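Student: Per TrEMBL, ATP binding site is recorded for G16, G18, K19, S20, S21, R118. The annotation region 'NMPbind' is assigned in TrEMBL to 42-65. Residues annotated as region 'LID' in TrEMBL: 117-127. Summarising the annotation, TrEMBL assigns region 'Disordered' to 183-225. As annotated by TrEMBL, compositional bias 'Acidic residues' applies to 192-216.
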Amino acid sequence: MSRRYLPNIIITGTPGCGKSSHSQNLVSHIKESIGKDLKHFNISDIAKDQKFIESYDAKLDTSIVDEDKLLDYLEVALEKGGIIIDWHCCEIFPERLIDLVVVLKVDNSILYDRLKKRNYNDLKLQENLDCEIMEIILNEARDSYIPEIVIELNSNDIDELENNVERIALWIENWLNDHKNGVTNELQPAESESELEREGEEEEEEREQDEEESNEEMEHLEDLE
């Protein structure tokens, strides 16, 4: 039975919230404070480098990642532990391999300015602002992982970034003290039931969507007749 002796952490949020800055600072802080080597995985960069991009959305100026290939590539590293996952999407990663999910939040006016500096087109900019306003990523995190491992942190300025890094670093130190023998990479019974239930709900949603599309096609054909 494989075990990991360092935690895996997801740092997520809408583009422009400071995921990469938090991840990089956290890796440096942990190395300096307790001498542990964490690895920062910028998923967007990995997807491009490993050719996991399956399509491109021209309207939103964004790449669509093949999640199956991505997860196959990441699984071995995640089982070893000590990975900081930096991505705007969090729900695809197996619950059994994730120990903490940090959702970064930014005030809308600040986020707007940051995205403008990245030259986002109007549609892409509004899409990300709407995502932040509606707390899409936070809700996805809460739906995908147990509440105890999901935390929400503000990321509006450098002071908040530094405080967040110190807070996450303290959590890592406590995790190491509490798990001197590591943690298993295998599914626990409760987790197995949770993942199976979630998969069943997703399959049911897909079936309902297929039925709706089929009904719409039939109505369209009837209108043509």
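Cβ atoms here come from the backbone N, Cα and C positions, even for glycine.
No curator has checked TrEMBL annotations; they are predicted automatically.
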Student: Within 10 angstroms of the C-beta of G18 (ATP binding site), what count of other C-beta atoms is obtained when all protein chains are considered?
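Tutor: The Cβ of G18 (ATP binding site) has 23 Cβ neighbours within 10 Å.
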Student: So among the binding-site residues K19, R118, who's got the most Cβ atoms within 10 Å?
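Tutor: Compared across K19, R118, the most Cβ atoms within 10 Å surround K19.
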Student: Give me the count of other Cβ atoms within 10 A of the Cβ belonging to S20 (ATP binding site).
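Tutor: Step by step: centre on the Cβ of S20 (ATP binding site), count other Cβ atoms within 10 Å, giving 16.
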Student: Please list residues from the chain of S21 (ATP binding site) whose Cβ is under 8 angstroms from its Cβ, counting only those at least six apart in sequence.
Tutor: L161
Student: What other residues of this chain sit with their CB within 8 A of the center of the CB atoms of G16, G18, K19, S20, S21, R118, the recorded ATP site?
Tutor: P15, C17, H22, R114
Student: What are the DSSP helix/strand/coil residue counts across the region 'NMPbind' (42-65)?
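Tutor: Taking each residue of the region 'NMPbind' (42-65) in turn, the totals are 7 helix, 10 strand, 7 coil.
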Student: Looking only at G16, G18, K19, S20, S21, R118, the residues listed as binding ATP, what is the longest Cα to Cα distance in Å?
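Tutor: Looking at G16, G18, K19, S20, S21, R118 as a set, their Cα atoms extend up to 15 Å apart.
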Student: How do the residues of the region 'LID' (117-127) split into helix, strand and coil according to DSSP?
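Tutor: Per DSSP, the residues of the region 'LID' (117-127) fall into 7 helix, 0 strand, 4 coil.
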